[in-house]
Structure formats: C-alpha cells, structure tokens
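*Asks:* This is the structure I want to talk about, given as structure tokens.
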Amino acid sequence: MLHLLKYQFLQTIRSRSIMFWALAFPLILGTLFYVSFGNTGLAGTGETDWEPVPVAIVTVDSSSANAASFLTFLNETDQDMIDIHSYKTEKAAKKSLRREEISGIYYVKSVPSLTIVSNGINQSILSSLLDSYEKNADMIRDIATQHPEKLSDALASLNDYQTLVKEKSLGGHSLDPTLTYFLALIAFACLSGVYLSIHSAVQLQANLSALGERRSITPTHKLSLILGDLLVLESIHFVNILILELYLTQVLHISLGHDIPKLLLITFMGTLIGICLGILIGCAGKLSYSVKSGIGVLVTLLPSFLAGLMFGGMKNVIEQHCPVINRINPASVLSDAFYCLSVYDDAVRYRRCILILVIMCLLCISFSFLMIRRERYDSI
C-alpha cells in the first residue's frame, strides 16, 4: 500500500498542468485581486491605518471667547482624526478645496462654520466634529448660567472624554467588501482540488487509461484504492492551500483571523471537499477524461461565482432570494466559514459549515465507491 501511495504522490506533483491550476493559478489570481483593489484591498485586513481627514482652518475673528475655544478644540483634536493644512489666505484654501486637496474649511469666528463642496465620509466626519463642539459649548454655557457650581465638574468630564464606540465587527476587525473576494478565492482554490482527483480517478478506470487497466485487475479492494488516492491528494492539496493562505496573510497582509486551529480545520475540510468532488466526477459514468475535466471546470467556477468570486455581492443576493443555494454550495459554505474567522466570531455558524462539508464529503466518497465497484469489464 505504501508503494502505491508513494507513486501516486510522485505522479501527481510531476503533473505540471494540474499543479498549475491547483496551486499557481490561485496565487496569480490573488495577486491580481490585490493589485486591482489597490489600498482598498488592504482595508480588508482590518489592520490598515486610518487616513486623517485633510482640512483647512481660516481665522476670521479670534477675539471672541467662542472663537478662541473652537480654535483650541481643533488644535487639540486627535491628529489621527484630522490633518490640518495651513494656508496664508482664504483664497488659497478655497482653491485647494475645489481641487479636493482638502475635504473642508473650518472658519474660526464667534459662530464657527464649515464649508464643503461635496458629500462623503470625510465631509460627514468634519460636520460631526463641528456639531459635537457646538453641542458641548451650548451645554457648558447652560451649566454656567443655571448651575455654575457644577461647571468645574462638567469641564473635568469633558477633559476626561473617551471614545466609547469604535467601528469594529463582532470579531474585532473592520468590515470591508473587498475581503469577500479573497475569501471566495480561497474557496475557489479549495475546489480546484477537483483537477487533481479527476486525473487520479480516471486512472482507476480500465476503459479510460492504461494504468486503470492494471489497477482494475489488482486484488486491492476498490475502496482501499480510493481512500489511498484520497490520502495522497488531500495531503498535496492541503499544502497547496496553506501556501496560498501564507501568501495572502504574510505577503498581501489579508487577515484570516487569529484562531489557527479553526483555520487549519476549515482549510482541511475545504481541500477535502474539493478532492472528494473530483473523485466523484472522475468515477461517474464512462465519459472521457476531457469531458470530465470540463465538468470539473464547471464545478469550480459556478460555485465560486455564486460565492462572490466575480461579483462580491452575489452571495448576499442569493441569501436574500434563495438561501438554500448557499447551504448546498461548497464554495459559499467555505467562504462563510472563513468569514466567521476573519471578520466575526460565530461558533454556531462555523460548526454548521463544518458539518455541511463533512456530510458532502461522505456522500461524495460513498457514491464514488458505489459507482466504481459496479464496473465490470468483459474485455478492453
């Protein structure tokens, strides 16, 4: 048996075309995704630096107490929040605003104001800062007028202000739509194991290959042959996907979470379902190798498309209109499990994904064995 495993291993890794689609192509595709998304691809990690909002300050009148207070407020605002640009004249500031070099202009006067030329996240942040200042200033004035004895406590409370809300997902990572493409890519790479196992399964059939003729007359039990090939192919493809994940996390800095045992488990199940699907296709019927390879391409591309590989929102669209497809689509199940690890921690959902994959693998192996054990050859 060890002899069979050894030569199955050597034969598989020496097949350059098959190894290209199982290993090299996902690496190339991941690189193209990263280049295409640019910096937005990095945002999927949840660990990139926040770019401060560029803003100009124009002092119209700093003689009033409110104007001086507003200027102090802006200067003491966290530099990670806003990036203050200095201009000699208001005309120069407006010119930069029109060129979108800055997102807005704060006017320091008795009644502070903000000028923007478009709507967006940066402009909303600047507007929120001004609203926050005005509300706090009104509150302090009311306290000073109605309860002057509590003014010192109110000022101390403002000075001790801490941000209580941070934009994080349940798993502690920032949400970014581009991350779904990389997770769907891993699912696609896992399913690419069908190319390895179709090639192997064809070599179990005497009517499709010379090696199949020799293997079909051996006394070795057919289930042992299938499980032996499964063991070798799973080992090879598991290493392939680990290489892809290391490339994504260490080179492209795409976060896949920090729970390594769970990541290894879902990677193992992902590669296993890819190999099992390929064995099922390879053992099905008396179709030629080229036809079975075409079916393998369909089995990898269609589920990956439905999981969001080509259109990131596809899985959500399916979830809204026909969620059962996401439950039986192995690529969607895989990307969902990786999403649980990289974005939020949902143990129940993760276990459901694992259970679905286990059932799929068992069904594929069972049907493969039933089909190949029924084959009989009068002559070749």
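Every residue, even glycine, has its Cβ placed from backbone N, Cα and C.
Summarising the annotation, TrEMBL assigns domain 'ABC-2 type transporter transmembrane' to 16-369. Residues or ranges marked as transmembrane segment in TrEMBL: 20-37, 179-202, 223-243, 263-283, 295-314, 354-372.
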*Asks:* Could you check if the transmembrane segment (263-283) is in contact with the transmembrane segment (20-37), meaning 3+ Cβ pairs under 8 Å among residue pairs at least 6 apart in sequence?
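*Replies:* These two segments do not touch.
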*Asks:* Using a Cβ distance cut-off of under 8 Å, indicate which of 20-37, 179-202, 223-243, 354-372 has the most pairs with the transmembrane segment (295-314).
*Replies:* 179-202
*Asks:* Grab the same-chain neighbours of the transmembrane segment (20-37) for me: Cβ-Cβ under 8 Å, and only residues 6 or more beyond its ends, written as numbers and ranges.
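*Replies:* Here the qualifying positions are 44, 178, 181-182, 185-186, 188-189, 192-193, 195-196, 236-237, 240, 243-244, 247-248, 252, 254.
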